[in-house]
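Visitor: Below is a structure I'd like to ask you about.
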Amino acid sequence: MSIKQIMVIGAGQMGAGIAQVFAQSGLRVKLNDMNEEALNKGLTGIERRLDRAVDKEKMTGQEKERAWKNLEGTVDLRSASNCDLVIEAVVENMEVKTKVFQSLDAITPEHAILASNTSSLPITEIAAATKRPSQVIGMHFMNPVPVMKLVEVIRALQTNDETYETIKELTEKLNKTSVEVHDFPGFVSNRILMPMINEAIYTVYEGVASVEDVDSVMKLGMNHPMGPLTLADFIGLDTCLYIMEVLHDGFGDSKYRPCPLLRQYVKAGWLGKKSGRGFYSYE
Ligand code: NAI
């Protein structure tokens, strides 16, 4: 199936990044959010990143203009009525996501594919909320979207082969690499990453080593570009806890129990970089 017009729902850090990479790849994309303020924040961020790319000579002024012309902002979800693909990147909440999918199911043409950028929620359940479950799929981009090469393509139990192949081909057009993943808690990325982060937190909690030393071991000893506790601060400790809970509930296995120290930090409002304090201080 050929994808000509795309819409991204949610103009936050992920949605704006996703819309940007489509526009840069020559595809027409509409970016949607609930209100003008959130939408403008997303669009301004895209413009700033494109300008920076021109300044750094990674892109010509003409290429920037071309990308910008491919992009259209809208607060009206009904403008999804001529879209071949819609990618949802709203808050990580099943109730909100299923509502968005049900609205899109009613608005979009019959052939349209509906994708979610969820980092942990079951695609199978999102698909079941629509009347076109075989055309629902997970398209999990990594943060920051314009930089990271991977897209986890998650097949719900109901996803058909045509939908999967279309999304796989589209990912290649974005100059990114896709991996095929089945719909299990945490998919592949977070199933492996989050228990590592959680274990790093346990190491600090049990007094085995300091925050800085745990990060040094993984950076200098394992060649990770960033220590797990620094990474946890960047992702957001609330998000890390949420994903650990998804793994714990989904598998019912105590090996995924979230570290009590992680729970305590989240209760304190120490959510990492975004709140000014997590395992490190950002004030
Ligand atoms: P964010 O909080 O930056 O952005 C969410 C945006 O969605 C906000 O602008 C909000 O106004 C908008 N929104 C909420 N409800 C809406 C609705 N009904 N209609 C239209 N817009 C609506 O969140 P972020 O970080 O961009 O995450 C979005 C999704 O991407 C989540 O599902 C998250 O799990 C996933 N994700 C996040 C990653 C990250 O590193 N932050 C990485 C990969 C996936």
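Keep in mind that glycine also has a Cβ here, set from the backbone N, Cα and C atoms.
Since the structure is predicted, the reported quantities are computational estimates derived from the model, not experimental observations.
Quick paste from TrEMBL:
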- 6-183: domain '3-hydroxyacyl-CoA dehydrogenase NAD binding' (DOMAIN)
- 186-282: domain '3-hydroxyacyl-CoA dehydrogenase C-terminal' (DOMAIN)
Visitor: Over the domain '3-hydroxyacyl-CoA dehydrogenase C-terminal' (186-282), work out the mean pLDDT and round it to an integer.
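Guide: Taking every residue in the domain '3-hydroxyacyl-CoA dehydrogenase C-terminal' (186-282) and averaging pLDDT yields 97.
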Visitor: With DSSP helix as H/G/I and strand as E/B, how many residues of the domain '3-hydroxyacyl-CoA dehydrogenase C-terminal' (186-282) fall in helix, strand and coil?
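Guide: Here the numbers are 66 helix, 3 strand, 28 coil.
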